[in-house]
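Per TrEMBL, the features are as follows:
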BINDING   Cys76, His79, Cys147  Zn(2+) binding site
DOMAIN    5-183  domain 'GTP cyclohydrolase I'
Amino acid sequence: MKDNIEKIITQLLESIGEDPSRPGIVETPKRIEKMYQEIFSSINQENFTDFKLFDNDAVNENQDIIVTDIPFYSMCEHHMLPFFGVAHVAYIPNDKIIGLSKIPRLVDFVTKKLTLQEKVTRDIALQLNKILHPKGVAVQTEARHMCIEMRGIKKTNSTTKVKYYDGIYQENNHMLDNFISTING
Ligand SMILES: [Zn+2]
């Protein structure tokens, strides 16, 4: 990330009619530069690498692993405003499984950039496919979008759901129904 963000935010403050030297916001450009390093830390990072795999000697044939209600926070690429919510992630392992705590880390990884809920949902599945080559992946995200709620016709508390199903979840209604009833249960 370039180190001129502070300068650019100062210009932006001027452009929207603010006085960048007034006491309340004089530190704001510096704060935003620091914050962007955190919330955009995945920009230009193609692959999630912070994981360990284990041999799958615990999960039976076509049994899935489901992690529900993983919170996430991201920034919409159309408006640079937050969208946030939860992700539900399931996979049917082949020969490897991933440490359970790494799935929330993976969700973090795909959200720390400018993106869209549709891409977040797909990227979780694509990264899991790359890492684990599972027999199936199912992801559902539920999010609120500040670019919808803060602008225009306000429909607060409306939640957008996006789904991505791959492999066995596409072919087997029983597996899919089980995933859906688990995340709704
Ligand atoms: Zn937006």
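Backbone N, Cα and C atoms are what each Cβ position is placed from, and that goes for glycine too.
Annotated features taken from TrEMBL, shown on the structure.
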residue: Cys76; record: Zn(2+) binding site; Cβ within 10 Å: 18
residue: His79; record: Zn(2+) binding site; Cβ within 10 Å: 15
residue: Cys147; record: Zn(2+) binding site; Cβ within 10 Å: 15
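Sitting within 8 Å of the Cβ centre of Cys76, His79, Cys147, and not among those site residues for Zn(2+), are the Cβ atoms of Met75, Glu77, His78, Met80, Leu81, Phe83, His145, Met146, Ile148. In the three-state DSSP assignment, the secondary structure recorded for Cys147 (Zn(2+) binding site) is helix. Summarised as a single figure, the pLDDT of the domain 'GTP cyclohydrolase I' (5-183) averages 94.
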